[in-house]
Amino acid sequence: MVEAQSWTTRRMSNPRFDAAGTAVPTVIDIPGTPPHSSASSTGKPFFLSSPTVSPSVLTAAIIAAWFGSNIGVLLLNKYLLFYYGFRYPIFLTMTHMLSCAAYSSAVINIAGIVPRQHILSRRQFLKILSLSAIFCLSVVCGNTSLRYIPVSFNQAIGATTPFFTAVFSFLITCKTESTEVYLALLPVVSGIVLASNSEPSFHLFGFLICVASTAGRALKSVVQGIILTSESEKLHSMNLLLYMAPMAACILLPFTLYIEGNVLRILIEKARTDPLIIFLLAGNATVAYLVNLTNFLVTKHTSALTLQVLGNGKAAVAAGVSVLIFRNPVTVMGIAGFGVTIMGVVLYSEARKRSKLLNQK
């Protein structure tokens, strides 16, 4: 570990960003790819078509890469924003989005993982832009919350996404679920209540802004299902990322310049004396894109349900790793509350699956 370094912002910057903080992995939560989508004439990109690699080994490697990238970007964000002293979470998120745009273009146009799709109308463009705006709001709230609450508590709150998804789905589309599904949401909420009451580092503003971030992710998921339902407007997940990422970067640019001061000038001056910052930012942005790429690959080689199950495990592992590395205090009741929430999410997933099977009969 290195000692925290002081970064000086200009006079119009937000003093809240002078406190220690971190950021969450930047992931665009997009639905799984339809089975009929192909990457090339062989159905696989060139780097996944080797006959010498067995399917089970390939799947295990992809899952390992998914875990590594998700937890790795979290630890890199924490190191950059807290220990290294780069206290600009909005700018960091913007670099993630620029990275996603650049890598997505290379993966689609050069590697050929998926065929290129184009935006066909102004209406479709505005729909994608609205999704990008909701996504930016969610990410900024999530990054800001971690200046006030520890990573482990943030992960616990983030696990309540299914609750907000059910709420927004009912409010916006009037879609109702079975009684079993709604009952499964009770431990999701009660676990967070238990964890909040026993959290040693509880901060009301940090808690509320993290809840807003979680609600924003759920809102984006519901809105995306509504506005991109037409067959002519549906985009492959990687193509959607290709268009959303630069839009999100453009939205974030004025906010980082206004709230975080002249961060570009500060970064250039810092790089002259410490070139390590460039490698850290580039590595962090690359790992952030790998989170999205491995999300797609896990879904392609397993299923969306497997990705959901892995997500539950990742939240617990990430919380545990953050406690081990960053030593934030936890209590037995807090751990129990997190466990209850995760159990509720698992029950919710199983209840949703049974409900869908019953509806199909």
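The count begins at 1 with the first shown residue.
In case you wondered, yes, glycine gets a Cβ from its N, Cα and C as well.
Please treat TrEMBL annotations as automatic predictions, because they have not gone through curation.
Now, the feature entries from TrEMBL:
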- 57-76: transmembrane segment (TRANSMEM)
- 60-349: domain 'Sugar phosphate transporter' (DOMAIN)
- 88-113: transmembrane segment (TRANSMEM)
- 125-146: transmembrane segment (TRANSMEM)
- 152-172: transmembrane segment (TRANSMEM)
- 179-196: transmembrane segment (TRANSMEM)
- 240-257: transmembrane segment (TRANSMEM)
- 277-298: transmembrane segment (TRANSMEM)
- 332-351: transmembrane segment (TRANSMEM)
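In this chain, the transmembrane segment (125-146) lies close to the transmembrane segment (240-257): three or more C-beta pairs between them fall below 8 angstroms, excluding pairs fewer than 6 positions apart. Counting Cβ pairs under 8 Å that are 6 or more residues apart, the transmembrane segment (179-196) and the transmembrane segment (332-351) reach 3 or more and are in contact. Most Cβ pairs under 8 A with the transmembrane segment (57-76) among the ranges 88-113, 152-172, 240-257, 277-298 are made by 277-298. Residues 25-28, 30, 33, 48, 62-63, 65-66, 69-70, 72-73, 76-77, 79-80, 84, 86, 92, 95-96, 98-100, 103-104, 107, 113, 237-238, 241, 267, 270-271, 306-307, 310 of the same chain lie 6 or more positions beyond the ends of the transmembrane segment (277-298) yet place their CB under 8 Å from a CB of it. On the 0 to 100 pLDDT scale, the domain 'Sugar phosphate transporter' (60-349) averages 86 in this prediction.
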